[in-house]
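Data block below; observations after.
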Amino acid sequence: MTICPACSPEHSNKSLDPLCNGERIWTTFLFTSFGILLGGWIIIFIYEVLSELCVKLQNIRSHGTKENTHLKQMNLPHGDDAADYDCNWLQEIKSWDNNIISGQTKMGKTFVSISDKISHYLLFILQVTIIFLCSIASLILYCLDTQKNTYMESCTIFRKSISMQIDLGLNAVFLVYFILRFAVAKSKRRFWFSLYSIVDIFTISPSFLAFYLNRTWIGFRFLRALPLMSIPNILQYMGVIERPRKIRIAQLASKFIALLLTASGFVHLVENSGDFFCDYCNAQELDAFNAVYFMIITMTTVGYGDFSCKTYIGKSFVILSLMGGLTIFATMIPEFSNLFGSKGPYFDRYHRVKGRRHVIICGHTTPHSLAAFLRDFLHKGREKMEKLDVLIIDRKVPDIEMEAILKRYYAKLQYFVGSIMNIADLQRVQADKATACLIIANKECQDASSDDSANIMRVISLKNFNQRIRIILQLLQYHNKLNVASIPGWNMESDEVICIAELKLGLIGMSCIVTGFATMTQAWSWRDLYHRGAGMKLYLEELPPSFYGKSFAESALVCFKLGVMLLAIEKERKDEHGNTRIAVDVVPCDDCIIIRGSRAFIVCMSSEDANRVKYYCSICYPIIDNLTELQLARMRVCFHARSTDWVQNEEMPIIDQPGDSEESEHAIVTIHDADVTRPLMTQQSERICTPCYQRSNTFLDEDMSSFDSTGMFYFTPSRNIQDAVLDVNSLREYHNIRHRSKTVQDGGVQCKHPLQFRDHIIVCLHADKSSPSIGLRNFILPLRASSFRRHELLTIIFVTELDYIEIEWDMISTFPDIYILNGSPNNPYNLRLISIHKCRQCVIMSTLDRGNLDTYLVDKSSILCALTIRQISMQCAGLHTDLSVVRKSNTDHDMLKTKSVFHNHIQTLTAISNECVIFFVYYTSFFFVALAIDSNVQYVEQGHTDEADLPFFLTTPFASGTAFADSVLDCILSCAYYNENAVNLLRNILMGGIDPQLEEILAEGKRFEQCQTPKMLKNRRRARVIILAIQDLIPNIDTRTEPVTFSSLFIESLGRHRMVVMGIYRRLDVLFQKDPSPKSDRPVDYNKRIVIYYPPYNYEIDPSDLVYAMQHSHLKGD
């Protein structure tokens, strides 16, 4: 059986020119090239061996004195350098070539001067590009020869063939360039077998041989496609491509094309020639285009079958190319995909549209960190949001989650891949024209100092680029504020620093006093009602002339009737050095009068509602009690606002009152005379004496030594940490005695610490010695505010490892009633020793597991601790007894009994002793969990699996005030952009105001000192958030015939007690009674309460409701 097909002589010679008379001499061309390749290598090898022998002989001769003297006289090199001297002509050629290119010699400078006249690119063509262009010309000539002539070997007279003449001329140029490269090559043998040298040997020698034999052979002229791989170098030299991405694309593309054309040329050669061992009978006609097409479908493994190799040499080459080529292409195609896939809008330049503004977001930009922020920042109620673009810049290409966010906010949000540290990227996003740059911190990082340092470096980069850029920066640790303030260009008035530790722990601390306070920083269905309150926004508007001369209470009532809530006034205040600074006064005293320039912090649903205050005119609307929605919506600037005839023409300055006047310390502004508009609210002739009002009497009777140097917090001399550690043995002995006698016997155990705790705060802190500091002082500050009286302070017990608390003890050692229980918070016995079932609030925080890659396990310590506390609560209620006798046949009956027992347990916990003040009330949810990941809220309270897909702020644990996540703080970032002093307002509520001395203590990590001057105690008189029963505001609510609405509650509280009611804390069973939606089958804790912030005016108040209110701690006339 023969492997070669039989054919006629005519068929076997169809690839041969008939003028050749059937004689093939292609082997002559091929062997000549191989002979030159091998012969040249042998000559080079012999030359190098002889050169080495000459060097050794020269070294032997150089030992003589005469030879050395002779060498010195002629300034010849010694030893090994003598060989270089013998080959000095090679160095001269190399230097000549380098001098032309470098332009450092006269010849080079001549070329440079010529290039200055005729252009830089012409010089480049003369030096380098001519070789590349000759290679392209030779490749084109090859394609033309194969297209018009189907013969692989033809007999043509040289002087009659223009193609042969051009090819010879091109190869002559290649030969000269080959000799020059060979001359300057350091390693001749390596050069001889280099890729471009093999190309020259197999293309130059056949061309000169064809001139001698008057015969042409297509041969390996296709190898001229390989120099295409040098295209990226040429483009870089010309400056066409500069960025690494474009350079890499050019390299991959040129390499792919060069290899493809080379492989196609070989297939074209062997298929048109046929196998020599088969007498060329299996040859087929295959043009160059189809050869390229065949290689493409072969490399891509498509294989349509319309073309195939018939020669054995061609088939063998395809097999080898598939093994080697697929490996090359398989690595190139994914890289191609990544390079072209990353190109798109993420790498473009931001094109700013006239009339639109843009803000830049950078830092820790992840889908988790941006979701809550963008929901609040791009809220439809924002007035300035309509013509605002949000630009996110980050080094990472958006993943699927980020692309989902980009599609959700497609009209407002743009993403750019880059770095805020790169000037080119800052120019791409036009940072110098941005209204602000918001830098988000990584709240889940393990190293807070490292993240703060990175964000501070971003601030430095922005300020170096343009010092006028407004920056709102998130920092994790308070002490890093000092580094930011020293940055050149940092503007204390426009730029803002938001400390995560300060606000987060401050909100958690305030929630221990006023449950649900952290939630407020966010046919009626209860979730829709809650969502309405969570959708309220904070706005800052300048008060119109209609408010001039009114007190804060009168202004708050006007705003309420306009459909908004007034919380605070922004004012100018002179410090002790005479400098004027902006201050925020929350719910100020009655002697505070509004004048021109005052701005109000108001809470409402949208900017249209806020504009009602800005456009309000008391002349156009003398009666505002019964304004319709249409009238409120039509409020615009009237001509009275443009005229000053009905108000004082003079500017009403702030009058400095005598320093001994206590009332002047709290006045926002004063006026020259008493000619003010008619008050809308008359003064009560007799105030109702309620517990909440009686608390303001005898406010300053306490000793000055009980307060710190700022007068804003309670103080005690610094204690050693061992003095604050509770003795576990004494607690255990006390509880054993109490358990045996069933009575409290304080005298049975001697101990320097309290043994019985009630109405206290427990902090379950999961941390160890290696955990980073979280700033516990920020948590304690709201709980030790001087606006409380001494007996109102709650004892705080930290349950954590003593090694960790030692890190922060120096900063919290001056606060009274702080104790430590050394142990694990997950140990139920430790929690029972400190009477956790009798505590006011239990806070659960964790610094562990932050490095866990599984986000669901980041909060595992906090969640497990919450389960432990819930189990203790159920056992204290006797629930374990009922569960042991439950029978499957009476499931519903036992479930109802379980609810009843749990209800009785909560009632026992909510019983208030006579010594407790009315401001603080027990609540159903007496533990508070701080989470790092929003989605983990579903594990805080089992049974709420239907809320797994809800946003965090809509979940029941957050709505009830039992859960807090770091994403809540991102809403404060957006609020700081729209309202310059929004952060100061929140800090005023949490810390009592912005005091320079307090700022210095917190920033430098100093310890609080004792108060030295009574003047500082004026800082005790400030606003505070309270929560109290509805009966304390409206005592006869149970006997009233008409229902009490939120509107009547607000007006009566403002008139009687000068309190601004912000919302209610309603029991879930009351909400379900008013909810027409179908009930779910899962069990409901009917004693759980939900925060409803600023409900509708006609919303009916239930006698079981608790009320959130803002009240000044000192009222005029006390």
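Cβ from N, Cα, C; glycine included.
Caution: TrEMBL annotation is automatic and unverified by curators.
In TrEMBL, the feature transmembrane segment is placed on 316-333, out of the ranges 316-333, 550-567, 910-927. Sequence-remote contacts of a segment are chain residues at least 6 beyond its ends whose Cβ falls under 8 Å from one of its Cβ atoms, and for the transmembrane segment (252-270) they are 139, 142, 146, 152, 218-223, 225-232, 286-288, 291-292, 294-296, 299, 309, 311, 313-314, 317-318, 321, 325, 328-329, 332, 335-336, 339. Residues 252, 255-256, 259, 263, 266-267, 270, 295, 298-299, 301, 309 of the same chain lie 6 or more positions beyond the ends of the transmembrane segment (316-333) yet place their CB under 8 Å from a CB of it. DSSP places the residues of the domain 'RCK N-terminal' (356-498) in helix, strand and coil in these numbers: 58 helix, 32 strand, 53 coil. For the domain 'RCK N-terminal' (356-498), the model gives a mean pLDDT of 88.
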